[in-house]
Structure formats: C-alpha cells, structure tokens
Amino acid sequence: MKEFDTIAAIATNLGESGVSIIRVSGDKALSIVSSIFTGKNDRKLDDIRTYSMRYGFIIDKDTKEKLDEVIVSYMKGPRSFTAEDVVEINCHGGVVVTKRILEEVVAAGARLASPGEFTKRAFLNGRIDLSQAEAVIDLINAKTELSAKSALEQSEGKLSREIGKIRNKLLEIIASIEATVDYPEDDLEEVTSEKGRESVSKLLDEIDSLLDHADEGKILREGLNTVIVGKPNVGKSSLLNALLMETRAIVTDVPGTTRDVIEEYMSIDGIPIKIIDTAGIRDTDDVVEKIGVEKSREKINNSDLTVLVLDNSRGLDDEDKEIINFIKDKKYIVLLNKMDLESKIDKEALKELNSKYIIEISAKTGSGLDKFKEVIKELFFSGKVASKDVMITNTRHKEALIRAKESLEASKNALDNTFAIDLASIDLRNAWKSLGEINGDTVEEDIIDKIFSKFCLGK
C-alpha cells in the first residue's frame, strides 16, 4: 500500500438535511478526529474498535466549545473503502455546522481532498481497479434502475474478471510463441503457429462478443440523446410534458414560446432517455429566438435520435421541408401530432421521408405514445432491454477493446506466415497492453488524473 497524507472532505451534499458526513482517510485519521472529539466522561477515540461507532461532540480545539453532537465511525485499513484508516463524522445536516467541523479537521492536521481522491486512493492502494473506480461515478450518476444495476455489476468486478481472463490467455499464447522463437525447431514453429491462430481466433470472438452490445451499454451509461424538433407550434413542448407526465415546458398558442433548450431525463423500461425540447426552427428577426434556433441545430447534430414533430392538422409547408432536409441524414422518427384534430397533412408526401417510422400521436390525449416508446426500443435495443452478462458501457473501454482487436488481427496475419512468428508476439503484447488500459494496469497517469477529476468532492 502506498503512503499518503491524511485527507478530509464532506461526503454528502452540502445543504439542509438530517445528517451530513465528513470523511477522513489516512494513517493519522483517528488521531486527528480524536483530538477534536469528546465522548461521554471525556472519552476519546484511542480505544475505539474497528467497525464501531461512538457518540459524542466535536469541539473547537482552542476554545473547547462544543460545535455539534455527532456519531463517529471507524474503519481500520486495509478493510475500508480507501484501504486506509477511515473515520467518518456523522453530524447534523446544514451548511454552517458541516463546514465548521471540516475546518476543525483540517486545522487538526488533515488536508482538503480533491475531487475523487478517496476513490483514487482505493485504486492506487489496489482495493479496486480502474474500471471499478469508474463504475462508482456511473452508479452515482445513474438515471434508471437498469443503469444502476449495470454500474453496480461493474463496480463488483464483473468486467475486470472478464478482461483478466482474456489477458491471461494472451500471456499463455505469448509465452508459447516466445519459447518457440528462443528454441527454434521447424516442426514446432508450424504447430505453434497453428495453435496460436486457433487461440487468437477464440479471443477475437470473445472481444467481438463484448463489443456487440457496447452501443447499448453507452446508452445505459450516458442516456439516449433524443432531440425533439419541428417548426413552432407543432406541439413539441406538449409532447415533452406528456412524456414526463408533468408540466415542464410552457405551452401556448403563440409561436416561438420555447426560446431555449430544455433537457430532462425519462425512462423507457430502464433505458435512460435524455429528452431535449428545442426552440421551433424557423427564420426569425427576434434576437433571442434566433439564438434558440441555433442551439436547436447544434443539439440535432449531436443527437443519437431526432424526433421530428409534424402538425397533422396542417399541411406540410416550406418550414417543415427545410427541417426535414436538415435532418435527412440523421436517425429520426416522425411523429404526426394532433391526431385528435381533423387530418389535413398529405400522407403520400410523407412516404418520401427517410424514416420507416411514422407514428400518429396526440400529445394532448397521450394516444400513440406507447407505440413511440416501443419504436425507440426497437431502434436501439432490438425491441428488448436485457442486462447482458458483461456490458461495455464506457467509451474508453470500447476504444481499448477495438485497439486490442486490431492488434489480435495483426498477430493472426503474422501467424499465417511462420517466418514472422516473432512479429505476432509484438502484436499480442500490444493487445495485452490495450486491455490493461481498461483495468488500469497499463494506463498513462494523465488519463488516471483525468478520470478522477470528474468525480465529486468526498468520493
């Protein structure tokens, strides 16, 4: 285990609440907190047992004034989250008292932790690997139960074990090839090449199996970026409100009411959907509305799915056609809204749209919305949302797997030529290194720092 100084931070949201927690980690954690703690009969924390709690007060070290009534818990390393001695002060929630206690902890010798530093220490101390550390923040940020389940499984090491198995198999192939290179025999080289090709083919199948559902995994982690577009007053905001089952956007008969982008999350059978309601796209002289229209175009360009809303009670006009032309190369669904009104739209003209999904809905009555949700599942999850044994949810992991696959394919080509068997060993080591980036064995330090910088304070 590495040696670090003792760090402290508020581990809960800072605000009015029932309880706040100040977390302290390091070899001096217990002595630091003990110096500002007084229990019943002036009892300190010197004799506290690991995995136990003690009632008392946090005091101002200089004035001996009581700051708050607390319960202190102690976990002796390495059997703690960071694999170090960890003390947690459970105090009353509230900004003033929580900050005041943290100030006393720092004054007593601790250093303020940087974002994600507790989890980073767990990684550097070998308690978790990098993919497990990333799963911690994914679990915190999960928007649906399915997202949370996927993150929890990764935090428990499911992906780590799978990657570890593949890397161990790679080492066996490398050892076999390098032994053949060191002790060359013509017939042995041929046998090694043949066995190596078979083994590499099996590993390629395993990596392909992991990559097969990576796009689905990314959606579970980040949400399906879904942009609602259309000209003003076709019912985009009404659709957003209907999907969320609450009044989130202002709805009026005045075109251009929505002038900015509104983003909210919803769940479709566990799929986190990031719904983005945009300003109606049209030519306008209004400066504020014009900014909203430009934002709408940006969101469309960065979307996973575009939802084009057309007004069934009116025919297609030039504004509709301009939007259709703008999104024609995107993956999009067409919603014919206001089906509760008389239909005036030209259905034949709609057949020319580059979308096989044209759904009749009424945002006002909710008619057709279930069909819309089923189509989203069909488009991105083949109609069924199922948790796979091991799900690749992180783009960084996907890219590492792709690099490993490319190296394995290169090694297979080298093994086809027994004269280049030593080159295969180089490619196999590159694949092993790429896979090691997933669990952190071979990743660069700046990437590690970047990953943990995305964490919140106290985690």
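Here the Cβ of each residue, glycine as well, is placed from N, Cα and C on the backbone.
The (6S)-5-formyl-5,6,7,8-tetrahydrofolate binding site annotation in Swiss-Prot covers Arg23, Glu88, Arg127, Lys459 and rests on sequence analysis. According to Swiss-Prot, the K(+) binding site annotation covers Asn233, Thr252, Val254, Thr257, on the basis of sequence analysis. Among the features that Swiss-Prot reports, GTP binding site is placed at 233-238, 252-258, 277-280. Annotation source Swiss-Prot lists Mg(2+) binding site at Ser237, Thr258. Look at Swiss-Prot and you will find 223-381 tagged as domain 'TrmE-type G'.
Local packing around the binding-site residues Arg23, Lys236 was summarised as the count of other Cβ atoms within 10 Å of each Cβ; on this measure the leading residue is Lys236. Packing around Ser237 (Mg(2+) binding site) is summarised by its Cβ count: 24 other Cβ atoms lie within 10 angstroms of its Cβ, all protein chains included. Nearest in space to Arg23 ((6S)-5-formyl-5,6,7,8-tetrahydrofolate binding site), taking C-alpha to C-alpha distance over the binding-site residues Asn233, Lys236, Ser237, is Ser237.
Counted over all residue pairs in Arg23, Glu88, Arg127, Lys459, the record's binders of (6S)-5-formyl-5,6,7,8-tetrahydrofolate, the longest Cα to Cα distance measures 19 angstrom. Around Glu88 ((6S)-5-formyl-5,6,7,8-tetrahydrofolate binding site), taking its Cβ as the centre, 21 other Cβ atoms fall within 10 Å, counting all chains. Separation of the C-alpha atoms of Asn233 (K(+) binding site) and Lys459 ((6S)-5-formyl-5,6,7,8-tetrahydrofolate binding site): 45 Å, rounded to the nearest whole number. If you take the Cα of Ser237 (Mg(2+) binding site) and the Cα of Lys459 ((6S)-5-formyl-5,6,7,8-tetrahydrofolate binding site), they are about 37 angstrom apart, rounded to a whole number. DSSP classifies Arg23 ((6S)-5-formyl-5,6,7,8-tetrahydrofolate binding site) as strand under the three-state reduction.
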